[in-house]
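S.K.: Under the heading active site, phosphocysteine intermediate, TrEMBL lists B:CYS338. For B:ASN275, B:ILE276, B:CYS338, B:SER339, B:ASP340, B:GLY341, B:TRP342, B:ASP343, B:ARG344, the entry in TrEMBL reads substrate binding site. According to TrEMBL, the coiled coil annotation covers B:521-548. The compositional bias 'Polar residues' annotation in TrEMBL covers B:570-596. Taken from TrEMBL, the feature domain 'Myotubularin phosphatase' applies to B:126-504. The domain 'Tyrosine specific protein phosphatases' annotation in TrEMBL covers B:307-351. The annotation region 'Disordered' is assigned in TrEMBL to B:570-658.
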Amino acid sequence: MEFAELIKTPRADNVVLHRPFHLAVEGTLCLTGHHLIFSSRRQDNAEELWLLHSNIDSIDKRFVGSLGTIVIKCKDLRIIQLDIPGMEECLNIASSIEALSTLDSVTLMYPFFYRPMFEVLEDGWSSFLLEQEFELLSSVTNEWRLSCVNKEFSVCPSYPPVVIVPKSVDDDALRKVALFRHGGRFPVLSYYHKKNGMAMLRSSQPLTGTNGRRCKEDEKLVNATLRSGRRGFVIDTRPLTVAQQARAKGGGFEQEVHYPQWRRIHKYIERFNILQESFIKLVEACNDQSHNMDRWLSKLEASNWLTHIKELLTAACLAAQCIDREGASVLVHGSEGTDSTLQVTSLAQIILDPRCRTIRGFEALIVREWLQAGHPFQQRCAQSAYSNSKQKWEAPVFLLFLECVWQIHRQFPCSFEFNEQFLIMLFEHAYASQFGTFLGNNENERAKLKLPQKTMSLWSWVNRPEELSRFQNPLYEANSLVIWPSVAPQSLQLWEGVFLRWNRPSRFLEEAEEERINIIKYNKELQARVNALRRRLAELEAEDEDEEVQEEEEEEEP
Amino acid sequence: MEHIRMPKVENVRLLDRLSSRRAVVGTLYLTATHVIFVENGSETRKETWVLHSQISSIEKQATTATGCPLLIRCKNFQVIQLVIPQERDCHDVYISLIRLARPVKYEELYCFSFNPKLDKEEREQGWKLVDLNEEYHRMGVPNNYWQISDVNRDYGVCDSYPTEVYVPKSATAHIIVGSSKFRSRRRFPALSYYCKGNNASICRSSQPLSGFSARCLEDEQMLQAIRKANPGSDFIYVVDTRPKLNAMANRAAGKGYENEDNYSNIKFQFIGIENIHVMRNSLQKMLEVCELKSPSMSDFLWGLENSGWLKHIKAIMDAGIFIAKAVAEEGVSVLVHCSDGWDRTAQVCSVASLLLDPYYRTMKGFMVLIEKDWVSFGHKFNHRYGNLDGDPKEISPVIDQFIECVWQLMEQFPCAFEFNERFLIHIQHHIYSCQFGNFLCNSQKERRELKIKERTYSLWAHLWKNRADYLNPLFRPDHSQSQGTLHPQIAPCNFLYKFWSGMYNRFEKGLHPRQSVTDYLMAVKEETQQLEEELEVLQERLANLQKSQSGNNKVKSKQQDRSKQFGLYTSNNSLANTPQEYSNDLKSFPSRSPSQGDEDSALILTQDNLKSSDPDLSANSDQESGVEDLSCRSPSGGGCLPSEDSGKDSDEAVFLAG
């Protein structure tokens, strides 16, 4: 297919762009295969706006006489308005944008066409391999092994080719366990707590069905992670009733008779359309133009978004508490084990593991616990809060996770190497990107699409020193401890950086951030200068003393 | 002391509101000024001090098997839950506290016994720190349009006004006195703020006694005079900060509002801020939400909305924004009033001044602002904050709301204020503490009669002495946010107004960010300053050395290595960071209890350069609950507890020792 076929009017002049907190600008609008480009040529205020078509969530058009107006709502929650003179032009442009923003073939997406303008210093596709992770693990324990049982994606289509499992369980057993777990997602290692040797596993629900089927290998696998005489916790992200109902459909949960050393805790985490609706309501509330305080608070409350945040954080804290405080191993799962499960395991690691609070470590966490673990990004992030499509697989699962990280970040502002912008950047790229990282729903699909060969990795770009400097938290001081966030409502706030980003005045906040950076920067510069001077002085004084000693010796001689 | 039935009770349990598991056992002491709880525990012996004047209510609850619970709620939003083993002891403590918390004469208040060990001269200097004469001069009055009037020199015209008031030059004593007779409590229009740049001014008064049709020539002349004092404008705004309905109801009682037809060239405007009773109930409702044991997100947000608190805060802000805009952008003078002109009027005038003039956003300027719009113009501190036993219906968080408005502005303009959140919190604390004389009584007249300045100390001097603790690291006098008028967004930015947990959940440390960006940056800046000094010394030494070497001259300057002083990043101030109760499910689990591991969880804040004496971050944060809170925060002065302590030591030390 040629993109040109979809672009009936590639260019329109005298278009006026409206954005909140900006003056209206007149300029030229151009459409290309992947971008909407608006450029104003005004001498005093030349600027260009590039918008990926894939970032467009919805588009509305209306006419007043022959002046057409297009309102574009983006997946990053921005809303812009374009006034386009000429009814035909406007209609053409609107229908082109609509077609280009809803291409159904992945291979037509921008990442397959994007050619980076920067030199690739490190290929992000191979920056975070599980093998490296395993090497680190092997230096502290030999209870685990790397299994290639899923090499051809035949045992579990949504797992990566290699996984970490208890050493005592062989591949044959894993194949049997896979048959006993929803979608073949057998329990694998998610996190090993070096401090006390406890492990966090994740999987999908066991397929016990109504007649209480059991699987000896499954029991053996999870028990292999327990110390003798100790118990473990199963954190089921569904309420008990839902877990019970799942049995009728062949699913189920670990029954105490067969897992006597495990104690099950049901911590309900909302999913799918409930989350999506909540997301839509919250964004609606944030864009509400009414002047009434009561209405804002009641809409915020009615969206339930912060309730989901609180529940998710609580579950993650609980998992972390079981591991660090109870000294118990933990198995986390819901139904499929691709959404709420990953939210809990990744957040628990943020709490427990200082490494996950570094930039590199956080990237590794996202690769390991989201991309390789098979979170279906393409389905979940197909649309954002403005779309009318309402597909049941769309859900802001990853955004909810990022917001929880932000909430912890807000409570421990000096314990993270990255800043808020880093989290916002990840949110944007999960929904629309020039990079191939978040395309596909699992490693299997990514391999079939040959993404590593055909597209650029987000990490290749982010980890360049020029880019990294934008994402560094100036206040960061490595903190090796477990950080326990508060989950009280008073401690949780709306993530303004995402939800009010486009409709709050941000200049003063940006100035504050600049000031923070300057304070630290100046301090570091001084530190360096003082150290250099000290060294220089020490050298000179040493020379001085040498001479002195010589002289003293000379004096003593006679 | 005669009111203390029970000076000491042992084996009292202090409950943690957030976690029932964290109760501590200790001894409760009642002194003439404080309630003190000393934890048993051999090493730390954490102490919780509460001033009697901070107590807003005491509740004795039904006796349980473990003892008799006593709930003490404080005006600085601390809530203390004690369980006293014996019902009789509890009753005695209860009866004693009821009396101690409600003194009947000023002399019983703490400021009359508080002695920070300053000599007479220091005390007098302290009171001179904030000088309103100087302030009016700074504003630019007296000048061609404004003059100081002595009509009220013996409080003869208005007993709740200061002796010195600025009025338009064309307003004769006859006009002022005439106008005052036509205003509630004779609070005639007087200058609150004068804008040097364009001659526009903010004046304040009480409501006119207009009833349904009454007029007063002098009052009309007074408003005319205010307009004439601003030659650039042909009208003035008259802002009635009450809801229209309230103002109309007042007419039936012979009060009311200005009729535009009777006054030439005024534009009349209602701005609906609710009265003190609505505000009191609103705060009450919000505090109930804060006190919920483990509220869901919906409970909290619903409760917050239902309290209406943020709506009221926004109404006050909107009024201030309106006036600041009139003065700065339109160059029009504004007369502000409510009913008596000492609550809403004070709030709105001070918010507008703060928006207009960067000086009020400095530490000193903010003290001046409170002194000007609140203290001197007869805001009834004693009645509103219940310092002496009085009518509970007079109590209302009027200045609390103003302080919150400032905080909301600080959130929106992080670089615009010289002071930080702690400064606001400590001012709020001391408005209720009665430790300093500034906020005693209901008017200047009463304060003079009590000889406050001779008998008590000034809070402003105390805060000024510790100003290093109250600095906003992001403030720079040359920053664009520190210049000119602030323009907060008005609509549709309701979301800009946020719940202030730093104030209303002030004592629930677990709810706040565990690392303070402000403290961190202040420490960095402090270090930067030391580095600058060291750099200078080093450069000098280097120059000398090079000179001496070249001249083959030996100067042995073995200066001490300053680097040792930079312990900033290595001090191990720790903060116990433990999990909350994330689930009830863990309780029944037969393995060890999660609280056992608390010790090893001490979170070492690596950036804890932070002042070693800062109770916010020290492990025994409870100590901070009383006054020490404030005294502990000596600026960089490592660990000493200055001033106040000496004051309370005198007689209470005996109790503690015994």
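Easy rule for this one: first residue shown is 1, then count along the chain.
Even glycines carry a Cβ here, placed using N, Cα and C.
Note: TrEMBL annotation is automatic and uncurated.
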S.K.: Are there residues at least 6 beyond the ends of the domain 'Tyrosine specific protein phosphatases' (B:307-351) whose Cβ is under 8 Å from a Cβ of it, and what are they?
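M.R.: Distal contacts: 160, 183-185, 187, 189, 192-193, 195, 198-207, 223, 226-227, 229-230, 232-233, 235-242, 246, 250, 255, 266, 269, 271-276, 278-279, 282-283, 285-286, 288-289, 360, 369-370, 372-374, 377-380, 384, 396, 398-399, 401-402, 404-405, 408-409, 485-486, 488, 490, 494, 497-499.
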S.K.: Sequence gap of 6 or more, C-beta under 8 Å: which same-chain residues meet both conditions with respect to B:ASP340 (substrate binding site)?
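M.R.: Spatial neighbours, sequence-distant, of B:ASP340 (substrate binding site): B:SER184, B:ARG185, B:ARG187, B:SER206, B:GLN207.
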S.K.: List the other residues in this chain whose Cβ sits within 8 Å of the Cβ centroid of the substrate site residues B:ASN275, B:ILE276, B:CYS338, B:SER339, B:ASP340, B:GLY341, B:TRP342, B:ASP343, B:ARG344, in sequence order.
M.R.: B:SER206, B:THR241, B:ARG242, B:THR345
S.K.: If you draw a 10 Å sphere on the Cβ of B:ARG344 (substrate binding site), how many other Cβ atoms land inside?
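M.R.: The answer is 27.
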S.K.: Could you tally the C-beta atoms, other than its own, that fall within 10 angstroms of the C-beta of B:ASN275 (substrate binding site)?
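M.R.: Here the count is 15.
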S.K.: Give me the CA-CA distance between the residue listed as 'active site, phosphocysteine intermediate' and B:ASN275 (substrate binding site), in Å, as a whole number.
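M.R.: Distance between the two Cα atoms comes out at 9 Å.
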S.K.: Give the mean pLDDT for the domain 'Tyrosine specific protein phosphatases' (B:307-351) on the 0 to 100 scale.
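M.R.: Taking every residue of the domain 'Tyrosine specific protein phosphatases' (B:307-351) together, the mean pLDDT is 96.
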S.K.: Count the Cβ atoms, other than its own, that fall within 10 Å of the Cβ of B:TRP342 (substrate binding site), considering every protein chain shown.
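M.R.: Within a 10 Å radius of the Cβ of B:TRP342 (substrate binding site) lie 26 other Cβ atoms.
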S.K.: With DSSP as the reference, give the number of residues of the domain 'Tyrosine specific protein phosphatases' (B:307-351) in helix, strand and coil.
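M.R.: Helix, strand, coil within the domain 'Tyrosine specific protein phosphatases' (B:307-351): 31 helix, 4 strand, 10 coil.
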S.K.: Could you find out if DSSP has B:ASN275 (substrate binding site) as helix, strand or coil?
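M.R.: DSSP assigns B:ASN275 (substrate binding site) to coil.
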S.K.: Give the number of CB atoms, excluding that of B:CYS338 (active site, phosphocysteine intermediate) itself, located within 10 Å of its CB.
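M.R.: Other Cβ atoms found within 10 Å: 28.
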S.K.: The record names B:ASN275, B:ILE276, B:CYS338, B:SER339, B:ASP340, B:GLY341, B:TRP342, B:ASP343, B:ARG344 as the residues that bind substrate; what is their largest Cα to Cα distance in Å?
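M.R.: If we measure all Cα pairs in B:ASN275, B:ILE276, B:CYS338, B:SER339, B:ASP340, B:GLY341, B:TRP342, B:ASP343, B:ARG344, the largest is 12 Å.
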